[in-house]
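Feature annotations, reproduced from Swiss-Prot:
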- 1-45: signal peptide (SIGNAL)
- 119-388: region 'Activator domain required for full activity on collagen' (REGION)
- 389-670: region 'Catalytic subdomain' (REGION)
- H523, H527, E555: Zn(2+) binding site (BINDING)
- 679-790: region 'Helper subdomain' (REGION)
- 787-882: region 'S2 domain' (REGION)
- N795, K796, D823, D825, D864: Ca(2+) 2 binding site (BINDING)
- 797-885: domain 'PKD' (DOMAIN)
- 886-1003: region 'S3a collagen-binding domain' (REGION)
- E892, N894, D913, D918, A920, D921: Ca(2+) 4 binding site (BINDING)
- K1006: site 'C-terminus of form C1b' (SITE)
- 1008-1118: region 'S3b collagen-binding domain' (REGION)
- E1009, E1011, S1032, D1037, D1040: Ca(2+) 5 binding site (BINDING)
- T1067: site 'Collagen binding' (SITE)
- Y1080: site 'Collagen binding' (SITE)
- 1102-1106: region 'Collagen-binding' (REGION)
Amino acid sequence: MKKNILKILMDSYSKESKIQTVRRVTSVSLLAVYLTMNTSSLVLAKPIENTNDTSIKNVEKLRNAPNEENSKKVEDSKNDKVEHVKNIEEAKVEQVAPEVKSKSTLRSASIANTNSEKYDFEYLNGLSYTELTNLIKNIKWNQINGLFNYSTGSQKFFGDKNRVQAIINALQESGRTYTANDMKGIETFTEVLRAGFYLGYYNDGLSYLNDRNFQDKCIPAMIAIQKNPNFKLGTAVQDEVITSLGKLIGNASANAEVVNNCVPVLKQFRENLNQYAPDYVKGTAVNELIKGIEFDFSGAAYEKDVKTMPWYGKIDPFINELKALGLYGNITSATEWASDVGIYYLSKFGLYSTNRNDIVQSLEKAVDMYKYGKIAFVAMERITWDYDGIGSNGKKVDHDKFLDDAEKHYLPKTYTFDNGTFIIRAGDKVSEEKIKRLYWASREVKSQFHRVVGNDKALEVGNADDVLTMKIFNSPEEYKFNTNINGVSTDNGGLYIEPRGTFYTYERTPQQSIFSLEELFRHEYTHYLQARYLVDGLWGQGPFYEKNRLTWFDEGTAEFFAGSTRTSGVLPRKSILGYLAKDKVDHRYSLKKTLNSGYDDSDWMFYNYGFAVAHYLYEKDMPTFIKMNKAILNTDVKSYDEIIKKLSDDANKNTEYQNHIQELADKYQGAGIPLVSDDYLKDHGYKKASEVYSEISKAASLTNTSVTAEKSQYFNTFTLRGTYTGETSKGEFKDWDEMSKKLDGTLESLAKNSWSGYKTLTAYFTNYRVTSDNKVQYDVVFHGVLTDNADISNNKAPIAKVTGPSTGAVGRNIEFSGKDSKDEDGKIVSYDWDFGDGATSRGKNSVHAYKKAGTYNVTLKVTDDKGATATESFTIEIKNEDTTTPITKEMEPNDDIKEANGPIVEGVTVKGDLNGSDDADTFYFDVKEDGDVTIELPYSGSSNFTWLVYKEGDDQNHIASGIDKNNSKVGTFKSTKGRHYVFIYKHDSASNISYSLNIKGLGNEKLKEKENNDSSDKATVIPNFNTTMQGSLLGDDSRDYYSFEVKEEGEVNIELDKKDEFGVTWTLHPESNINDRITYGQVDGNKVSNKVKLRPGKYYLLVYKYSGSGNYELRVNK
């Protein structure tokens, strides 16, 4: 819960709209399957590396439970146990594939070729053009060694324009002569040409192949293929010809004639939709055809006015056919993907229509026609992204409202518990009884968790999980729409997102999952408890999450505590024991392997073996289990590592562990699954609250008791807290064991009482201590149903809500606000602040400056007009002023040298303002070596200001000043090595100025990438715009990931300068979906650059090489 998510991206969750969260999630929902159907598809139109990077899952904490369709599937595939995803969307959103299932055996029969001889470029270059084309015509493309690799041979082969033209001519001839059963080498011809265009894109020696004018030379061949009477869906050969044409268009080019010639194929497909849509090969053919055209057109139109494109207004027949496909209606599970394709590409190609309004109306019609179905989400998204969110009526469409309404459609019911701190939103087919059971299940898990962990105080308050929200869809099918609604992965049985304090899952039948809803909830609820009460900091962030330290623990103890009971401790579940029993003895994890497991383990059995470790420690080595939890609770990485190493290296412990696994496996047949008792659901009848509290306190020997009552939708509950003082301490671990048994005995004793409400009691103990007279002492907590409603006050307590930063600097004013606090049945009459350093304040809003670095708890107490109070606290970390990280904007106060902001480094722009009474800003910078320094300060507003530069140690004599030149205050001066200050001030208080400060000539070292950064979760952070990053791709290092954040919408220019001769490029991806490529680098000599308009959010920049090795410099400019 964790350090306010470091403002990395989870901050944006509370601020961004739903449409920002789910941006581009559904736009290509059906394409992923087709992009990888054929090996040759891996080279896309303009070659962009496939970035199906699972490491993007490490941006936000999503706690995922196993999704187990059946035991064999889970046993055989890790996809049934989905790893945590830290993205927010962290979350990676998996693409939703159409129902058409891909199988290699469904590839065209023409692919088979008994001639498996291989050919290299040295041989091919020795053939005449006629010999070459005859050979190509009769072999498969993958018989040519290194076809897509740049080499001396491929350079010579494709460097011969006449040879390439001969291949194009041969393709044209095959296009005229192919039959329904003989493609005349069309697939191989197109793949050879695609290889040439691929290599031409990245290599200057073949740059002519990247010229659209040359690529247009393929158009006659394309038209010849289309004019052939066999150009239609039919035999495997005919389908493959259409597929090859689509791929070639994507790598080469097309025009309006080529596009409109595709209409008969689309029409044939639509008119036979029920027959053709389930056919993988025909679906591939149509998809490749449409996709290839769109890829070519979008590349040609990039950053250009679409109205200037030669096909603008000339492809209406094609657009109309896409419209007919998209609005086909009467869809089935087998045909839905096709209409999805139609709507998506209708939007894309509609940009070239002269009737924009008709396109938008069609998209709006799709929203209504496929109400809250996948296609409706795609249509709404395309209006938002392709048409700037403007509807056919000229007004802004409310995408957020659409998503909210969709969520209400799928989750129409809301249930509240514990004064609104436990909320369940559910589908209409999820029974109320099950909802109640889930609430009581949480209490059983909570009681056993706190016993073991020894803490029930939230590590941080004021975060989203102060209110736990659970969203339960009716079925796995409806759950899939959560991708569209909330932008999270749904290829799982359920997941918990810590920064949202929300758990998502679905109701299921035994046929759909071996785990019941309650079992899965118990697992996920444990993740909530881990985050709130045990592991400090955001999941996936910090040293505890390096090197798979806690992966086994997170998942293993979640499986363990899912077996929590009311009075029998924690029991093993049959559903988990089944895996241990089925796994062969020689395949079982060792203790060392289990303790070092992670999501990269292919079989994902560490869930089950992690459970086995937790159960082993719980049953046979509780001292180690408690020490382990203490180390985590105290963020003591060193002690935790020592515990893990000791266990890993102890052969005897491993033997005991293996024996324990066998004991668990032997219990499989007789094991059960701990679920809540029917006793929780009974009508318990009235019993006076004071009697209940008294009887519990007496039975448990408690003193200093206090009680709070909680109101829920179906019943009310109470929480009773007190102090237990026992006999002489026998040591912490013996005391723990005896206390746990005593508490279970108390619960069982109370359950024998005539009032059945005692059967709803759960209890735990925390805060172990020993008194001065050596007596053991615990804080004990009981929770149960409350039938005396008189104990529930009619006055609703106010709700305190604090807003403020999670970090600050010593001496800097920090603003805190309680404006979001509220009182539902009255008004708040006072706000009392405690800043944790001895200072206090009163008022709705407050400003405070800390004098020392440290971590402080800021607490706001609000009091309503009836005297009820509420408090909220959060942690703020105060640091000494950072003198190493470059700044990009001023921070007040900075009126004099003592308060100067900095450092300023070369290449990083610093923005500031002088408004109203703020008449001066001061910054510092360091000069690395003697020489000329230039300061440029472009501005807007009044020119009635200037700047002065002072050398450190002499604040009386300035050494330079700025002069006005073209709306910029500029100056160049000779400087010596050392620290300097620039003092910017205005001449009168009436002037308002906004400025940008740039300094050149400092000799600052450029920032360097931090290896290993070959996956997105290890991305090197680009701290500021306009910063030069030095990187290298040498030897086996083939990729580097970078990340940066955009605070305000605007254009970003990404530039990569090659320092060596090698093949390198980059692609840009949004944090919300790594598979969504926003743009890519355009090669121009040694520079690979592009400009793109970006919205606020986090982005990942992937730099990768495709030939050779070398160094580069990278800048993200704004």
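Cβ coordinates come from backbone N, Cα and C, glycine included.
What you see is a predicted model, and the numbers here were worked out from it, not measured in a lab.
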Discussion item. Quick check on the region 'S2 domain' (787-882): DSSP residue counts for helix, strand, coil, in that order please.
Written reply: 3 helix, 46 strand, 47 coil
Practice prompt. For N894 (Ca(2+) 4 binding site) and D823 (Ca(2+) 2 binding site), determine the Cα separation and express it in whole Å.
Written response: 39
Practice prompt. Would you confirm whether the region 'S2 domain' (787-882) and the region 'Catalytic subdomain' (389-670) meet the contact rule of 3 or more C-beta pairs below 8 angstroms, pairs 6 or more apart in sequence?
Written response: yes
Worksheet item: Counting Cβ atoms within 10 Å across all protein chains shown, which of the binding-site residues E555, D823, D825, E1009 comes out on top?
Response: E555
Worksheet item: Can you list, in sequence order, the residues of the same chain other than E892, N894, D913, D918, A920, D921 whose CB lies within 8 Å of the CB centroid of the Ca(2+) 4 site?
Response: E890, P893, D895, G912, L914, D919, T922, I984
Worksheet entry | Spatially closest candidate among H527, D913, D921, the listed binding-site residues, to Y1080 (site 'Collagen binding') (Cα to Cα) | D913
Worksheet item: Tell me which residues of the chain lie with their Cβ under 8 angstroms from that of D913 (Ca(2+) 4 binding site), as long as they are six or more apart in sequence?
Response: E890, N992, I993, S994, Y995
Practice prompt. Indicate the candidate from H523, H527, K796 with the smallest number of other Cβ atoms within 10 Å of its Cβ, considering only these binding-site residues.
Written response: K796
Response to the item:
Students should find that the Cα atoms of H527 (Zn(2+) binding site) and A920 (Ca(2+) 4 binding site) sit apart, in Å rounded to an integer, by 50
Item to complete: Determine the most Cβ-crowded residue among the binding-site residues D864, D918, D1037, using a 10 Å radius around each Cβ and all protein chains in the structure.
Response: D864
Worksheet item: Given the binding-site residues E892, E1011, D1040, which one is most crowded in terms of C-beta atoms within 10 angstroms?
Response: D1040
Discussion item. Can you give me the residues near the recorded Ca(2+) 5 site, meaning same chain, not E1009, E1011, S1032, D1037, D1040 themselves, Cβ no more than 8 Å from the center of the site's Cβ atoms?
Written reply: N1013, D1014, G1031, L1033, L1034
Worksheet entry | Separation of alpha carbons, E892 (Ca(2+) 4 binding site) and D1040 (Ca(2+) 5 binding site) (Å) | 37
